[in-house]
(Lines of atoms letter the chains of each structure in order from A and count residues from 1; the text may use other names and numbers.)
(Lines give C-alpha, C1' and ligand atoms only; values in the text may rest on other atoms or scores of the structure.)
Protein backbone atom coordinates (compact mmCIF):
# COMPACT_ATOMS: atom_id res chain seq x y z
CA UNK A 1 0.00 0.00 0.00
CA UNK A 2 1.28 3.46 -0.95
CA UNK A 3 1.15 5.37 2.33
CA UNK A 4 2.22 8.67 0.72
CA UNK A 5 -0.69 8.53 -1.71
CA UNK A 6 -3.10 7.62 1.08
CA UNK A 7 -1.78 10.41 3.30
CA UNK A 8 -2.13 12.95 0.49
CA UNK A 9 -5.65 11.79 -0.26
CA UNK A 10 -6.76 11.93 3.36
CA UNK A 11 -5.18 15.33 3.96
CA UNK A 12 -6.83 16.74 0.84
CA UNK A 13 -10.24 15.35 1.74
CA UNK A 14 -9.93 16.41 5.38
CA UNK A 15 -9.26 19.99 4.28
CA UNK A 16 -12.68 20.32 2.62
CA UNK A 17 -14.72 18.03 4.91
CA UNK A 18 -17.29 18.87 7.54
CA UNK A 19 -17.04 17.75 11.16
CA UNK A 20 -18.74 14.45 10.34
CA UNK A 21 -16.42 14.00 7.37
CA UNK A 22 -13.33 14.44 9.55
CA UNK A 23 -14.65 11.86 12.02
CA UNK A 24 -15.33 9.51 9.10
CA UNK A 25 -11.76 9.90 7.88
CA UNK A 26 -10.41 9.14 11.35
CA UNK A 27 -12.53 6.01 11.63
CA UNK A 28 -11.46 4.82 8.16
CA UNK A 29 -7.78 5.44 8.77
CA UNK A 30 -7.45 4.23 12.38
CA UNK A 31 -10.10 1.53 12.75
CA UNK A 32 -10.04 0.13 9.24
CA UNK A 33 -6.87 0.85 7.28
CA UNK A 34 -4.44 0.40 10.18
CA UNK A 35 -6.24 -2.67 11.53
CA UNK A 36 -6.39 -4.09 8.01
CA UNK A 37 -2.68 -3.59 7.33
CA UNK A 38 -1.27 -4.36 10.78
CA UNK A 39 -3.44 -7.24 12.00
CA UNK A 40 -6.08 -8.51 9.57
CA UNK A 41 -3.67 -9.47 6.80
CA UNK A 42 -1.66 -11.60 9.24
CA UNK A 43 -4.74 -13.31 10.63
CA UNK A 44 -5.82 -14.47 7.16
CA UNK A 45 -2.31 -15.15 5.85
CA UNK A 46 -2.51 -18.88 6.58
CA UNK A 47 -6.20 -19.48 5.90
CA UNK A 48 -5.76 -21.83 2.93
CA UNK A 49 -2.57 -23.52 4.16
CA UNK A 50 -4.21 -24.51 7.45
CA UNK A 51 -7.57 -25.52 5.98
CA UNK A 52 -7.46 -29.20 6.93
CA UNK A 53 -9.81 -31.93 5.73
CA UNK A 54 -10.04 -35.51 7.05
CA UNK A 55 -9.06 -37.00 3.70
CA UNK A 56 -5.90 -37.31 1.64
CA UNK A 57 -7.68 -37.25 -1.69
CA UNK A 58 -5.66 -34.92 -3.98
CA UNK A 59 -7.50 -31.69 -4.76
CA UNK A 60 -10.31 -32.22 -2.23
CA UNK A 61 -9.08 -29.62 0.25
CA UNK A 62 -8.53 -27.02 -2.49
CA UNK A 63 -11.98 -27.56 -3.98
CA UNK A 64 -13.68 -27.38 -0.59
CA UNK A 65 -11.77 -24.23 0.34
CA UNK A 66 -12.74 -22.56 -2.94
CA UNK A 67 -16.37 -23.54 -2.36
CA UNK A 68 -16.61 -22.13 1.16
CA UNK A 69 -14.29 -19.15 0.54
CA UNK A 70 -14.98 -17.95 -3.03
CA UNK A 71 -13.34 -14.66 -2.11
CA UNK A 72 -11.18 -14.07 0.93
CA UNK A 73 -12.33 -11.68 3.64
CA UNK A 74 -9.09 -9.76 3.34
CA UNK A 75 -9.46 -9.22 -0.41
CA UNK A 76 -13.10 -8.24 -0.04
CA UNK A 77 -12.16 -5.65 2.59
CA UNK A 78 -9.35 -4.36 0.37
CA UNK A 79 -11.84 -3.82 -2.46
CA UNK A 80 -14.25 -2.19 -0.01
CA UNK A 81 -11.63 0.29 1.20
CA UNK A 82 -10.71 1.18 -2.39
CA UNK A 83 -14.32 1.70 -3.50
CA UNK A 84 -15.22 3.63 -0.34
CA UNK A 85 -12.29 6.06 -0.41
CA UNK A 86 -12.30 6.72 -4.18
CA UNK A 87 -15.50 8.89 -4.20
CA UNK A 88 -13.66 11.38 -1.98
CA UNK A 89 -11.40 12.06 -4.95
CA UNK A 90 -14.39 13.64 -6.67
CA UNK A 91 -14.33 16.50 -4.15
CA UNK A 92 -10.55 16.95 -4.35
CA UNK A 93 -10.61 16.98 -8.16
CA UNK A 94 -13.53 19.44 -8.22
CA UNK A 95 -11.65 21.83 -5.92
CA UNK A 96 -8.53 21.45 -8.08
CA UNK A 97 -10.65 22.30 -11.14
CA UNK A 98 -11.94 25.44 -9.39
CA UNK A 99 -8.42 26.49 -8.39
CA UNK A 100 -7.24 26.09 -11.99
CA UNK A 101 -10.14 28.21 -13.25
CA UNK A 102 -9.30 30.80 -10.59
CA UNK A 103 -5.67 30.86 -11.73
CA UNK A 104 -6.61 31.34 -15.39
CA UNK A 105 -9.17 34.02 -14.49
CA UNK A 106 -6.61 36.03 -12.52
CA UNK A 107 -4.03 35.68 -15.28
CA UNK A 108 -6.53 37.11 -17.75
CA UNK A 109 -8.22 39.84 -15.69
CA UNK A 110 -5.54 40.71 -13.14
CA UNK A 111 -4.40 39.44 -9.77
CA UNK A 112 -6.89 41.62 -7.87
CA UNK A 113 -9.91 39.93 -9.44
CA UNK A 114 -11.54 36.80 -8.06
CA UNK A 115 -13.76 34.19 -9.65
CA UNK A 116 -14.50 32.38 -6.36
CA UNK A 117 -14.53 33.75 -2.85
CA UNK A 118 -13.19 30.40 -1.70
CA UNK A 119 -12.64 27.52 -4.17
CA UNK A 120 -13.11 24.98 -1.38
CA UNK A 121 -16.40 26.41 -0.15
CA UNK A 122 -19.22 23.93 -0.59
CA UNK A 123 -21.74 25.82 -2.71
CA UNK A 124 -23.02 25.42 -6.22
CA UNK A 125 -21.59 22.46 -8.10
CA UNK A 126 -19.13 21.54 -5.35
CA UNK A 127 -21.99 21.09 -2.91
CA UNK A 128 -23.65 18.63 -5.29
CA UNK A 129 -20.33 16.84 -5.85
CA UNK A 130 -19.77 16.49 -2.11
CA UNK A 131 -23.33 15.24 -1.53
CA UNK A 132 -23.04 12.77 -4.42
CA UNK A 133 -19.79 11.38 -3.00
CA UNK A 134 -21.55 10.72 0.31
CA UNK A 135 -24.37 8.83 -1.39
CA UNK A 136 -21.87 6.78 -3.42
CA UNK A 137 -19.78 5.93 -0.34
CA UNK A 138 -22.86 4.88 1.61
CA UNK A 139 -24.05 2.71 -1.28
CA UNK A 140 -20.68 0.97 -1.53
CA UNK A 141 -20.55 0.36 2.23
CA UNK A 142 -24.01 -1.24 2.31
CA UNK A 143 -23.31 -3.25 -0.85
CA UNK A 144 -20.11 -4.77 0.52
CA UNK A 145 -21.76 -5.56 3.86
CA UNK A 146 -24.51 -7.37 1.98
CA UNK A 147 -21.95 -9.25 -0.16
CA UNK A 148 -20.01 -10.35 2.92
CA UNK A 149 -23.16 -11.65 4.59
CA UNK A 150 -24.47 -13.22 1.36
CA UNK A 151 -21.25 -15.05 0.46
CA UNK A 152 -20.64 -16.46 3.94
CA UNK A 153 -24.27 -16.60 5.12
CA UNK A 154 -23.17 -15.01 8.39
CA UNK A 155 -20.44 -12.83 9.88
CA UNK A 156 -19.43 -15.69 12.18
CA UNK A 157 -16.98 -18.26 10.86
CA UNK A 158 -17.74 -21.89 11.80
CA UNK A 159 -15.12 -24.19 13.23
CA UNK A 160 -16.05 -27.09 10.94
CA UNK A 161 -17.61 -27.32 7.49
CA UNK A 162 -18.68 -30.36 5.55
CA UNK A 163 -17.97 -30.88 1.87
CA UNK A 164 -18.95 -33.58 -0.64
CA UNK A 165 -17.83 -31.95 -3.89
CA UNK A 166 -15.78 -33.98 -6.35
CA UNK A 167 -12.99 -35.12 -6.19
CA UNK A 168 -13.80 -35.71 -2.51
CA UNK A 169 -14.62 -39.44 -2.10
CA UNK A 170 -17.53 -38.81 0.32
CA UNK A 171 -18.80 -36.31 2.85
CA UNK A 172 -15.63 -34.98 4.48
CA UNK A 173 -15.12 -32.67 7.45
CA UNK A 174 -12.90 -29.62 6.97
CA UNK A 175 -11.60 -27.39 9.74
CA UNK A 176 -10.91 -23.64 9.54
CA UNK A 177 -7.81 -22.33 11.26
CA UNK A 178 -8.32 -19.84 14.13
CA UNK A 179 -12.07 -19.34 13.57
CA UNK A 180 -12.61 -17.40 16.81
CA UNK A 181 -9.90 -14.85 16.02
CA UNK A 182 -11.17 -14.40 12.49
CA UNK A 183 -14.74 -13.98 13.74
CA UNK A 184 -13.62 -11.25 16.15
CA UNK A 185 -11.87 -9.34 13.37
CA UNK A 186 -14.86 -9.81 11.07
CA UNK A 187 -17.24 -8.30 13.60
CA UNK A 188 -14.78 -5.49 14.26
CA UNK A 189 -14.51 -4.58 10.56
CA UNK A 190 -18.27 -4.86 10.11
CA UNK A 191 -18.84 -2.59 13.11
CA UNK A 192 -16.41 -0.01 11.73
CA UNK A 193 -18.20 -0.15 8.37
CA UNK A 194 -21.60 0.37 10.03
CA UNK A 195 -20.17 3.32 11.96
CA UNK A 196 -19.01 4.85 8.67
CA UNK A 197 -22.50 4.39 7.20
CA UNK A 198 -24.05 6.19 10.18
CA UNK A 199 -21.54 9.05 9.87
CA UNK A 200 -22.26 9.38 6.15
CA UNK A 201 -26.01 9.54 6.76
CA UNK A 202 -25.52 12.15 9.51
CA UNK A 203 -23.34 14.22 7.17
CA UNK A 204 -25.96 14.01 4.40
CA UNK A 205 -28.67 15.35 6.72
CA UNK A 206 -26.27 17.99 8.03
CA UNK A 207 -25.43 19.24 4.52
CA UNK A 208 -29.07 19.37 3.46
CA UNK A 209 -30.19 21.12 6.65
CA UNK A 210 -27.34 23.65 6.49
CA UNK A 211 -28.11 24.33 2.83
CA UNK A 212 -31.80 24.95 3.56
CA UNK A 213 -30.97 27.32 6.42
CA UNK A 214 -28.50 29.21 4.22
CA UNK A 215 -30.97 29.58 1.35
CA UNK A 216 -33.69 30.71 3.73
CA UNK A 217 -31.37 33.31 5.26
CA UNK A 218 -30.35 34.62 1.83
CA UNK A 219 -33.98 34.83 0.78
CA UNK A 220 -34.92 36.88 3.84
CA UNK A 221 -31.98 39.25 3.36
CA UNK A 222 -32.39 39.75 -0.38
CA UNK A 223 -36.19 40.21 -0.43
CA UNK A 224 -36.91 43.17 -2.77
CA UNK A 225 -38.80 46.12 -1.37
CA UNK A 226 -42.37 46.68 -2.61
CA UNK A 227 -42.60 49.14 -5.49
CA UNK A 228 -45.84 51.03 -6.33
CA UNK A 229 -46.62 51.78 -9.97
CA UNK A 230 -47.26 55.51 -10.63
CA UNK A 231 -50.49 54.78 -12.56
CA UNK A 232 -51.84 52.98 -9.53
CA UNK A 233 -51.07 56.06 -7.40
CA UNK A 234 -53.07 58.29 -9.78
CA UNK A 235 -55.99 55.90 -9.76
CA UNK A 236 -55.99 55.74 -6.00
CA UNK A 237 -55.93 59.56 -5.75
CA UNK A 238 -58.89 59.90 -8.13
CA UNK A 239 -60.79 57.24 -6.24
CA UNK A 240 -60.25 58.97 -2.97
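Placement of Cβ uses the backbone N, Cα and C atoms for every residue, glycine included.
Copied from TrEMBL, the annotated features are:
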{"type": "TRANSMEM", "residues": "21-40", "note": "transmembrane segment"}
{"type": "DOMAIN", "residues": "42-75", "note": "domain 'Connexin N-terminal'"}
{"type": "TRANSMEM", "residues": "77-97", "note": "transmembrane segment"}
{"type": "TRANSMEM", "residues": "127-152", "note": "transmembrane segment"}
{"type": "DOMAIN", "residues": "140-207", "note": "domain 'Connexin cysteine-rich'"}
{"type": "TRANSMEM", "residues": "185-208", "note": "transmembrane segment"}
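Here the domain 'Connexin N-terminal' (42-75) is broken down by DSSP into helix, strand and coil counts: 14 helix, 2 strand, 18 coil. Helix, strand and coil residue tallies for the domain 'Connexin cysteine-rich' (140-207), in that order: 42 helix, 8 strand, 18 coil [DSSP]. Same-chain residues lying 6+ beyond the ends of the transmembrane segment (21-40) with a Cβ under 8 Å from its Cβ atoms: 1, 6, 10, 13-14, 73-74, 77-78, 81, 84-85, 185, 188-189, 192-193, 195-196, 199-200, 203.
Residues belonging to the domain 'Connexin cysteine-rich' (140-207) score a mean pLDDT of 90 in the model.
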